[in-house]
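Written out below as structure tokens is the structure these notes cover.
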Amino acid sequence: MREIVHLQTGQCGNQIGAKFWEVVSDEHGIATDGQYKGTSDLQLERISVYYNEVAGNKYVPRAVLIDLEPGTMDSVRSGPFGSLFRPDNFVFGQSGAGNNWAKGHYTEGAELVDSVLDVVRKEAEGCDCLQGFQITHSLGGGTGAGMGTLLISKIREEFPDRMMATFSVVPSPKVSDTVVEPYNATLSVHQLVENSDETFCIDNEALYDICFRTLKLQTPTYGDLNHLVSIVMSGITTCLRFPGQLNSDLRKLAVNMVPFPRLHFFMVGFAPLTARGSQQYRAVTVPELTSQMFDAKNMMAASDPRHGRYLTVAAYFRGKVSMKEVEENMLSVQSKNSNYFVEWIPNNVQTAHCDIAPRGLKMSVTFIGNSTAIQDLFKRIADQFTAMFRRKAFLHWYTGEGMDEMEFTEAESNMQDLVAEYQQYQEAHVDEDEVDEEVYEDEAPPEE
């Protein structure tokens, strides 16, 4: 079966990753001891996408957990599903990266990276037909950003024809953990543009807004934010984990979603949104799902899709939904908002469907959009980057680890190019005259 190897790096990556495994294990009926306690054969049919089956009918996540300090790993290990993971797959250092990208990418992380690759290789060799890798990390810190991108480029070298999907938590505009976030994020994006096939952008502020506005939580915790992320991750990977009518895999997703290789940064969303542990009291309808899914308040990255145009969209419906109704609703959204979709990619909205709904819901939908509005997010980081870099503030932390200023300049211009590319395609229109002229030339009578 088409297996995926999951990697989680750094504090953020490990916390999101741990939550993801809780959700997926629950959906597949895997108990905390790795035994199958489910009720439906469908849960086991494609379980090998994420789990290895070991002696005694025990299912073990195909996950590699990486950090440069032992703290977060210890809390994952003592968490509800901690005993599920393979003990050998915990790879950690002792020194920490101290939110310094250079430490994660060049010094501390580089020392640990070979032992991580050994574990990754071992997991990949055990696969029947490896589909690709997914990595959860943040872009604002040291380990997830610096070492995460180092791992991505190393895995890329070794498995050049396998998909690389990243779930990247981007620094948010108002909620900042560290002052050097813009540096770390810019250096990371510089790497992701080249080495990732699809990057799902998530940001804490957007998640915070969803918790506050939509879910009416007065004091959202990181647990609540991570819960939202894990729902989306579960939704994106549904088609891979369950049999459905339209099965997508990471590669099909990329083929449908990435019109130009560098523009692979997606916004994600989910509907219907519910708080952790709450029950759904009313049935949702397909029209409600489609309208909530395209709603700007629903996006998990702080960019407003109304500021740009969609190049491509994918929607994964789950549960007992009528595909006919889905198609009709998706078409009506497109025709009513046609100026928000580029007209030079016809049929740029893809729908897939899986019969099995998530726990506690009758039906749900996961939204993935490749919108030119994502440039807002990069612009914001670039502005903050430039403000500090002009004064060379905090640079000594990076140059002290052997980095060169040149690398900062390169990363900055690569990110500005990315913004310019998004802008260029946002403004691109099909010129009526051009089309007519071409037709005319073809049909011109042969000259005597």
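FYI, residue positions are counted from 1 along the chain as it appears here.
Each residue, glycine too, has its Cβ placed from N, Cα and C.
Now, the feature entries from Swiss-Prot:
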type	residues	note
BINDING	Gln11, Glu69, Ser138, Gly142, Thr143, Gly144, Asn204, Asn226	GTP binding site
BINDING	Glu69	Mg(2+) binding site
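Look at Gly142 (GTP binding site): DSSP puts it in coil. Local packing around the binding-site residues Gly142, Thr143, Gly144, Asn226 was summarised as the count of other Cβ atoms within 10 Å of each Cβ; on this measure the leading residue is Thr143. In this record, GTP is bound by Gln11, Glu69, Ser138, Gly142, Thr143, Gly144, Asn204, Asn226; the longest C-alpha to C-alpha distance in that set is 23 Å.
Secondary structure at Asn226 (GTP binding site), taken from DSSP and collapsed to helix, strand or coil, is helix. A C-beta separation below 8 Å, combined with a sequence spacing of at least six in one chain, links Asn204 (GTP binding site) to Val169, Ser172, Val175, Leu225. Mapped onto three states, the DSSP output places Glu69 (GTP binding site) in coil.
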